[in-house]
Amino acid sequence: MKDQKNKSILQRKRAVKRNLQAYTFMLPNLILFTVCSLYPVVWTLKYVFYQYGGYGTGVPRFVGLDNLARVFRDKVYWESVMHTFTYGFGKVLIIIPLAFFLAFLLNGQIRGNGVAQSIVFLPTIMSSAVMGLVFYLLFNAYNGEVNKYLMEAGIVTRPINWLGKDQAMKTLILTAVWGGVGNYMVYFIAGIQQVSEDAIESARIDGAGRLQTIWYIIIPMLGPILKIILMLAITSAFHDITNVMVLTEGGPNNSTMVMSLYGYRYFFPISAAEATVPQYGYGAAVSVISAVIAGAVTLGYLKISKKMDSIY
Amino acid sequence: MAEMNRKHLSKTAWASIIGKWVFLGIIIIFTLYPVVYTVLGSLKTNAELTQGGGFFPAAWHFENYYQAFVQADFTKYTINSVIVSTSVTLLAAATCSMAGFILARKNFAGKKVLMALYLSMMFVSLGSVTLYPIYELLRALKLNKTIFALIIALTGGQAANVFLVMGFTKGIPRELDEAAIIDGCSLYGVYSRIILPLSKPILAVVALFSFRNAWNDYITSLIMTISMPKLQTLTVAVVQLKYSVNAAAEWHIMLAGASIAIIPILIVYLFANKQFIAGLTAGAVKG
């Protein structure tokens, strides 16, 4: 576009027409992108520096870095960050080995594998909100089926308060594993299929057993894909919110409050039973800091995994 | 192991096969149990659910569904869910297809800036709080009392899908475009006659996952219908039952509602499970 001066009028007209044509194709998506992605991010970044109670509460007041400073002093927030780490690492620690093992078992054209794959994948297509409600009933302390079965089997004598302060996080992780393991199994199957059959075959001929094949051939050759899968698992665990919101509402007593939900509560009530006075500026600050933390974890993970590469 | 003759399998091979399927059996039971519980529970009485009954309902109470559909207004919510999910699916597929095509094939002023913006927004995730500015913006446009607000918010920016379609379109030989242009096709002709039919596989992936996300979404649907409860979708209506005054006496209605919300997607999955599984990796490789 720099040499426009030299262009004849005709050429310029053509360029304008070409750009117009291109933008008519872009426009529908561009509108959605602006409304749903760009604008809200700009809005949030702006309101980090304002105190604002929302529509009809008067003009937003510029407060500089007050909101950010308040986040750093906010004990409950940092507790929620810790809970996010507990939740995230708990979930990843269970889901990745389990998904890998399932992928190892279900990879290959053996009768029954396809059906089993479809069943393990099934929870990922269902609403985590609706299933959160179902789990809320299943894990109910007094009327829930989980306690009923455990007591009938004689494993426990008294009902366990699955959604109480001590157990809620474990229950939450368990249901998250249920909902997500199929995803990672499919990723692993795709990865395993890229490991060449020849390598596996020659290891077998050399007398490697199943476990040895996994440990010495499949896992090292899966390295690059394993890294991506782990990163997806970590970042997605940091953003989980729906299941927490429906199953435990961050409670009891904030024991399952994760940082995504903590930011949300300054904008909207977490449950219909809760009344909140919105604090958009503060909520924006919380969300931005949370995004920075999630980004830092991802970056840190990438650095560590690069270091691992040089060791290999 | 598969290539071996079954008769000649050694004892250890049999043991490992049996071990595999015992383990898988347990996994499958745990995976299916909550779903089976939901569907069977939707046909039980509340007392059976809360005071302990058999695995199967003592009598099949289909009237739970009557109660859900008629008294709890689930007919309305089902219609809303169907309208919203199909609109989101169509809107996502259409807009991504057009944008992906033009980004793959044409240079235009501002293209680099646009692509950088799209890419950067994929890495900035502020979570559900961005629903508030979206809601306020749509309120300013007077859309917040209509179902369009939810459809727009739920379709979202689609940056990842645009890149997915763009990548796929780049794989379609340019010679086809050129041949069409020589034959007298305009840019629109190239798009609608060449690219659109050839990019069906990737658009199917976009559509399938958009449908799943729209059908299953909770938070966006909750917020966008906050001032218009009659526009609520199934998921929102089901979860709201948790907070109803009679929640403790309405487990059977909750489960009937939950079944109404999950059965349609289960049916889709029954026919398209291969596409779901293949589509997941298609999407993951790109973004």
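Quick reminder: no glycine exception, Cβ is built from N, Cα and C everywhere.
TrEMBL does not curate its annotations; it predicts them automatically.
The domain 'ABC transmembrane type-1' annotation in TrEMBL covers B:78-272. Residues or ranges marked as transmembrane segment in TrEMBL: B:21-40, B:82-104, B:116-135, B:147-169, B:190-212, B:218-239, B:251-272.
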Dominant neighbour of the transmembrane segment (B:251-272) in B:116-135, B:147-169, B:190-212, B:218-239, by Cβ pairs under 8 Å: B:218-239
Among B:21-40, B:190-212, B:218-239, stretch most in contact with the transmembrane segment (B:116-135) (C-beta, under 8 angstroms): B:218-239
Folded-back contacts onto the transmembrane segment (B:218-239), same chain, C-beta under 8 angstroms, at least six residues removed: 72-74, 76-78, 80-81, 84, 128, 131-132, 135, 138, 144-147, 149-150, 153-154, 254, 257-258, 260-261
Tertiary contacts of the transmembrane segment (B:190-212), as residues 6+ beyond its ends and Cβ separation under 8 Å: 85-86, 88-90, 92-93, 96-98, 100-101, 105, 155, 161, 164-165, 168-169, 172, 176-177, 180-181, 265, 268, 272, 275-276, 279, 282-283
